[in-house]
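Pulled from Swiss-Prot:
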type	residues	note
ACT_SITE	H115	active site, pros-phosphohistidine intermediate
BINDING	K9, F57, R85, T91, R102, N112	ATP binding site
Amino acid sequence: MERTYLMIKPDGVQRGLVGEIISRFEKKGFKLVGMKFLRLTREMAEKHYAEHVGKPFFAGLVDYIISGPVVAMCWEGKDIVSVSREMMGATNPAKAAPGTIRGTYAVDIGRNIIHGSDSPASAERELAIYFQSDELVEWDRTLQGWLTE
């Protein structure tokens, strides 16, 4: 099964959306295998957003993501990287489809509730920033046979 990294950003935590967001992924049939509630260090944030170093918004992005607690999660499921991206909606909430997480809850591109890995390679890199291998729990979901062939 494929894994991805999802992070509820400080605005999602402050607005009390953690339960709602987790519920959406559980109801879709995805399996939570790791979760942490933490405040990112500047070093973690800079490592996470390394691809944006040198861009005009980099400093503000790092300052924002370390401004409050986040929920770091590892989810598992069939095609989870692409499906979770669809569930989140476009990065810019103004372009996010109604019913997506960002289309429903986000207002501003700089406060867009959630981050999700954009590829399996990104997921692997991002998960390594937040989780040790022994922090991801292998478990059998009894209803898995009802979700996928």
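Even glycines carry a Cβ here, placed using N, Cα and C.
Site extent for ATP: the farthest pair of Cα atoms among K9, F57, R85, T91, R102, N112 sits 22 Å apart. Counting only same-chain residues at least 6 apart in sequence, those with a Cβ under 8 Å from the Cβ of T91 (ATP binding site) are R102, I109, N112. By the criterion of other Cβ atoms within 10 Å of the residue's own Cβ, the least surrounded of the recorded positions K9, R85, R102, H115 is R85. Distance from the CA of the residue listed as 'active site, pros-phosphohistidine intermediate' to the CA of K9 (ATP binding site) is 7 Å. Ranking the binding-site residues F57, N112 by C-beta neighbours within 10 Å puts N112 at the top. Calculated from their C-alpha atoms, the gap between H115 (active site, pros-phosphohistidine intermediate) and F57 (ATP binding site) amounts to 16 Å.
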